[in-house]
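K.L.:
I'd like to ask you about the structure that follows.
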Amino acid sequence: MAQNKTDLLAVLAVVKKYNLKSTEELLKKEAGLTDIPENVAGEAEVNSVLAAYKSEGDPDIYENSYMELRRFVEESLDIYKHELALILYPVLVHMYIELVYNSHEVQAKKLITKFGPEQEYYYQDELAKLAMVTKRDEMSGNDITDTFKSNAFTIRISRDTLSLLKRHLHEKKASVILNIVNEHMYFDLYEGVARNKAQCDATSGAMTGEAKRQDNKIKVYYGLLKEPDVQTLVAAPPEEDDDMDPDAPDKPKKKKPKKDPLFSKKSKSDPNAPPLDRIPLPKLKDVDKMEKIKALRESTKRVNLGPDLLPSICMYTLLNANHTVTCADFSEDSSLLSVGFVDSSIKVWSMTPMKLREMKSADQLKEIDRDAEDVLIRMLDDRKAESCRTLLGHSGPVYRTSFAPDRTMLLSCSEDSTVRLWSLHTWTCVVVYKGHQYPVWDVRFSPHGHYFVSCSHDRTARLWSTDSHQPLRIFAGHLSDVDVCIFHPNSNYVATGSSDRTVRLWDVCVGNHHRLLTGHKAPIYSLAFSICGRYLASGSADKRVLIWDLAHGHLIAALTGHTASIHSLCFSRDGTILGTGGLDCALKLWDFTKLVDDISGENVNVSHNPDVRDGEPYLLRTFPTKQSPFLTLHFTRRNLLLGVGMYDLGM
């Protein structure tokens, strides 16, 4: 308060000096300083305050101020040094922006050339972009300057570290830095011992610093939805299975005892699950129920994986496809494979002896008996069955395809900024969704169907439903391209990964983000939820896979070992193993059960960062391909691991 009063008196002194009587009276009245005696502010005090204001315009003090701050950080005690070092980068950026804004181009260039190279490696790209801005009118529309001007840089800091910093700045009267700290930085305070270097490094790296603890406070319903009761249909298993199996008549009897515990286990409610009516989900049709029973029957034959029993792996290599293939995706039941191409086409292959059939013409459909048991089968034309079909419609490279859970539809997104919905009965495009203004990088169906999510170069992700051509929600908040998006297994949340080096978890119901996860040092290209829904794995161009606990928003493990970007992640169907595939032509398998067991045995310090585990003890095996970077990984219902890659002649 004393400082503010001195400031006010200094301003009053100036007003008085220029004989601005009415302004002086108004200012006194507003500030409640009506009865102050003449010349109460000491001449020296007033001059020091005015000098501080004047010095901001002096371009030559910036470099010295920065060097003084850097020296203070380097000479601090080790216990505080690492947290204090976090402010050097944002201070440098804002100093540069201020100098350019005030047309001091020479000093700005000197500052960034001298101190830019010593910043962390993951900030170098941004500093290079920033250095291109040398005039005030180049600032508007520049990603970096816009981001820093409109977002506070967040640093998680202990109370002791912050008081040390503030004391230093006030003692040195470092007005330039004090202004930057007060206006452009947010300190997320916590009580306790300051973090060590490893803890600071674990969560730093995002464009605007770390996540505030407030960002991760909201409760997340990460549990799975209660499975619908399909037990009534179990007694009548689908006949097609019986024809294929000579022992069919006694099969159900053998399976019955196996299935019952499965059903009873499913019927228990997960305490962390969202209410069933939290978001409207489509009603299950009979076909869907039969599909669920089929999936349950498959799961009874599932191989239980572990460190001693690794999955068999089947790798599909696309030949002569280098620089032409962009993405690949399997249907949930592994019966279909779709591949997107640079020439804007999509190919769909059947992975089973069953060929891809087309619906009969309208005249032929009229003749079909609608009450027949097999009406759906009769509608399809066997004469036009093929093992591969091509879908044409996009006008740019296709970046992602995604099958509907019931395999009747396929979504695709493209550089042409549209998302298309294709019917796999008529093999035609049914809807074109226009909403994004720029290339769409990813699109995914919800595990429950009906909804899907897309994300784009326009920095947004959007929630859609198949029956509406307008998005239901726009998830805005990322500061750069949103490169990957994925639904939570309970369909209530969407996770997105971005080039701003953050992962966000969005609530489909309200449209806000409920988790902000920082720690990656490069754009994020792949995401996967654990089978239980509590954990999220993210793979990045920083060659690491990070594992997050969504209950608290904590980073719990960093899996290192890949030597290039990681573009595919997949959990086994029983949740025991995580498969990661990279552009380094290597597939790695990690023991996820062991990781979760190790974490649950610990008492997590919720106030600030727990220690992040190193992934090395959890790596089970590495499988190199010859020269095929991975496009996708997929575990079948029986836990066979499928991979797709393209043979790269140039490697």
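Any Cβ shown, glycine's included, is placed from N, Cα and C.
A TrEMBL annotation is a machine prediction, not a hand-curated record.
The shown structure was predicted, so the numbers you read here are calculated from the model rather than taken from an experiment.
Under the heading compositional bias 'Acidic residues', TrEMBL lists 238-247. Residues or ranges marked as compositional bias 'Basic and acidic residues' by TrEMBL: 259-269. The domain 'TFIID subunit TAF5 NTD2' annotation in TrEMBL covers 56-185. Look at TrEMBL and you will find 236-281 tagged as region 'Disordered'. According to TrEMBL, the feature repeat 'WD' maps to 318-359, 391-432, 433-474, 475-508, 517-558, 559-591.
Give me the local environment of each listed feature.
P.N.:
As a summary of secondary structure, the repeat 'WD' (318-359) carries 0 helix, 23 strand, 19 coil according to DSSP.
Per DSSP, the repeat 'WD' (391-432) is made up of 0 helix, 25 strand, 17 coil.
Counting only same-chain residues 6+ beyond the ends of the repeat 'WD' (433-474), those with a CB under 8 A from a CB of the stretch are 281-282, 396, 399-406, 409, 411-421, 480-487, 489-491, 494, 496, 498, 506, 508, 511.
According to DSSP, the repeat 'WD' (475-508) comprises 0 helix, 20 strand, 14 coil.
Residues in the repeat 'WD' (517-558) partition by DSSP class (helix H, G, I; strand E, B; coil) as 0 helix, 25 strand, 17 coil.
Mean model confidence for the repeat 'WD' (559-591) is a pLDDT of 93.
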K.L.:
So if I exclude everything within five residues of the ends of the repeat 'WD' (559-591), which remaining residues of that chain have a CB under 8 angstroms from its CBs? That is, six or more out.
P.N.:
299, 302, 304-307, 310-311, 313, 522, 525-532, 537-541, 543-547, 614-616, 618-639, 641, 643, 645, 648, 651
K.L.:
How about long-range neighbours of the repeat 'WD' (517-558): same chain, 6 or more residues beyond its ends, C-beta under 8 Å?
P.N.:
121-122, 202-206, 209-211, 215-216, 220, 222-224, 272, 480-481, 483-486, 488-490, 495-499, 501-505, 564-575, 578, 580, 582, 584, 590, 592, 595-596, 599, 604, 606, 609-610, 612-615, 618
